Structures are given as C-alpha cells and as structure tokens.
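Participant: Sharing the features that TrEMBL gives for it:
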type   : residues : note
DOMAIN : 1-46     : domain 'Ribosomal protein L9'
DOMAIN : 63-148   : domain 'Large ribosomal subunit protein bL9 C-terminal'
Amino acid sequence: MEIILKQDVPNLGHKDDIVIVRNGYATNYLIPQGFAILATPSAKKMHAENMRQRAHKETKIREEAQALAAKLEGIQVTLATKVSSTGKIFGSVNNIQIAEALAAKGFEIDRRNITISGEEAVKEVGIYDAVVKCHKEIKANIKIEVVAED
C-alpha cells in the first residue's frame, strides 16, 4: 500500500515522503495514529502542489537570507564598555549587546543567531570576529570592536 507520511516515522521515512508499506501496517497503525494518509491520486496531486509551494517559499527565504548576509558581511560594530586600568572589561560582551548594536545599524538579528568566533566570552578591549547565522546554511562574518567607555 502506498502512503504519504504526515510526520517523521522511525525506520520508515520523513515527513512528506511517499512510501510503500504492508497493508496491515498502514491500515492498523500508521493511518489511525495520524502518521500517514493513503496516497490516492488526488492526495498525490495535492502533495505535489504543497511540495512545489514549499520549495518556492524556501527559495524566497534563502534569497532574502543571502541578501542580508551580503549587507552584513564585513560590517564592524563598535561597543563601548566600562574597562579597568589593565584593559579588562567589567563583565563581558555578549550576544545581546551585539544584537542591540546591529539593531542600531538597522539589522534586526536574533541574539541566538550570533556567535563570537573562538571565544568563550569577550573580556578585553580589542577587535573580535563574530558569525551571524542568517539561514541554516548562510552565514555572515562581522567584526566586533570593543572600546573603553568615556
């Protein structure tokens, strides 16, 4: 029996896969539990249309992410913080402060999508590299300059 999976099923397939299973497995378990629907010609047609729309939407999101990454690439953000006489920061610079500085420049980036390259925490004055994740596969590199507050 041919079915369309509505969600991931271990050892069988992923959501929206069309798979062939034994009749009893489909009629007694997968379909009643809501894991799958019967792959009738109309269901296959609807499935193909949904996949086409999803691919179009994913392409649009990817293009927007590439445009954002192109704008972000090479941007330098300056953060002024309180510093001791030895050049150490009181506290540390974190993703929230970087996201706020990017917002001031007109980029709305979620703080969870910003990672500081190779550093646990920024605790000294200097220039650091950070990576902004615009999409699951698209990233932009930015520079973070930490300076002493006047």
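For all residues, glycine too, the Cβ spot is worked out from N, Cα and C.
Can you tell me where each of these features sits in the structure?
Facilitator: Residues in the domain 'Ribosomal protein L9' (1-46) partition by DSSP class (helix H, G, I; strand E, B; coil) as 14 helix, 12 strand, 20 coil.
In the predicted model, the domain 'Large ribosomal subunit protein bL9 C-terminal' (63-148) shows an average pLDDT of 89.
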Participant: For the domain 'Large ribosomal subunit protein bL9 C-terminal' (63-148), jot down how many residues DSSP puts in helix, in strand and in coil.
Facilitator: 23 helix, 37 strand, 26 coil
